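Remarks on the structure that follows.
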């Protein structure tokens, strides 16, 4: 079956996490992603956080599935010639270099457009135009500057970054959407264009409910936040609110049976108004259904600490899965806190391809995240990540059409090998 992006060729100059997240998603949908890497070195994540000596790390393998790898010294004259030919043959160039790197490489936007007017150049940067645009950004920096950290954590504690990589992977997903949108527009315009996703912008987009709450503050306290019920005044910025629900329905993380020894024996519980009476029955407080102090959502807001303490008395008598089963029967919103171990072993996630097993020639079998987006007419399969330069000759021949003699000349030029160090005199 033909995949959604079959026929689209991506020139992938990305590294670490944000860019590879984008290009891996495109590869899962069928694009031919050619990962350009430095000879002898490759993507820096090949050697980062290695759990097995002398093999590609999981950091690399889990972000570079379904790609082909070519090594190329873009400072070498012959390497520049090869890159020029690749630009002619590809639809999209994706990069997450620091500002100005493509220009210094000798391939600014204007030159790329001369070489291939239909090429889309997609970039991830830390910040958009402004006072910070030249600053280096990593995952946690993006979370801190995009509004996530200042609104995550508990009111009396430090700002916190999340375990989810919303800065890197989140921005990569934003860029992928930008690329397919530009590809669609090209079917009408016949022209390429630049696509940019800034990490600060991506994090803010994912934290939009907090920007919503910032504006609500001008009209009064945020009543669904715990501190309202505790009588603590609000300041001029959205506060950290612990595990309060962000959707207007009060919610908390509560202890379950076994919490003393199991760090993940917890459940998230939402006191949604339409099921309040069912909640009262489940926890053994039927009088709360008619008591004016508890019957209506507005009356409950100042008493949330008391209410959740009572609910927790009930959840502590059940495992998180027992509690979930009971609550789901009454459509009471909840969710167990699942550890990564539990997720890795979840057979339903295996069945849907969200968690997959991959066999790698040097590190053996490992599990990874598959495509989280399912298309009924474009199934995704997860193929192992490439070894460094594994497809160099294949790409030179099958994509660029070089003859054996031309390929040999390129090898002799040093364009595909690490630069030779000058011997000391």
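Cβ from N, Cα, C; glycine included.
Per Swiss-Prot, CoA binding site is recorded for 17-18, 38, 72-75, 96-98, 104, 136-139. The active site, nucleophile annotation in Swiss-Prot covers 168, and the record cites sequence analysis as its basis. Per Swiss-Prot, the feature substrate binding site maps to 247, 248, 249.
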Sequence-ordered binding-site residues within 10 Å (Cα) of residue 168 (active site, nucleophile), taken from 17, 139, 249, are 17, 139
Mind giving me a neighbour count for residue 137 (CoA binding site)? Other Cβ atoms within 10 Å of its Cβ, every protein chain shown.
-> 24
Nearest of the binding-site residues (247, 248, 249) to residue 104 (CoA binding site), judged by Cα-Cα distance | 247
Looking at the binding-site residues 247, 248, 249, which has the shortest Cα distance to residue 137 (CoA binding site)?
-> 247
Candidates 17, 73, 75, 97 (binding-site residues); nearest Cα to residue 248 (substrate binding site) turns out to be 17
Just the number: how many Å between the Cα atoms of residue 17 (CoA binding site) and residue 249 (substrate binding site)?
-> 34
Other than 247, 248, 249, the chain contributes near substrate (Cβ within 8 Å of their centroid) the residues 224, 245, 246, 250, 251, 270, 272
Cα separation, residue 247 (substrate binding site) to residue 139 (CoA binding site) (Å, whole number) | 25
Relative to the Cβ position of residue 17 (CoA binding site), how many further Cβ atoms are located within 10 Å?
-> 23
Measuring Cα to Cα, how many angstrom lie between residue 247 (substrate binding site) and residue 97 (CoA binding site)?
-> 36
Euclidean distance between Cα atoms of residue 249 (substrate binding site) and residue 75 (CoA binding site), Å = 57
Cα distance, residue 249 (substrate binding site) to residue 73 (CoA binding site), nearest Å?
-> 55
Other than its own, how many Cβ atoms are within 10 Å of the Cβ belonging to residue 249 (substrate binding site)?
-> 15
Residue 249 (substrate binding site) and residue 38 (CoA binding site), Cα-Cα, nearest whole angstrom = 51
Please report how many Å separate the Cα atom of residue 97 (CoA binding site) from that of residue 249 (substrate binding site), as a whole number.
-> 42
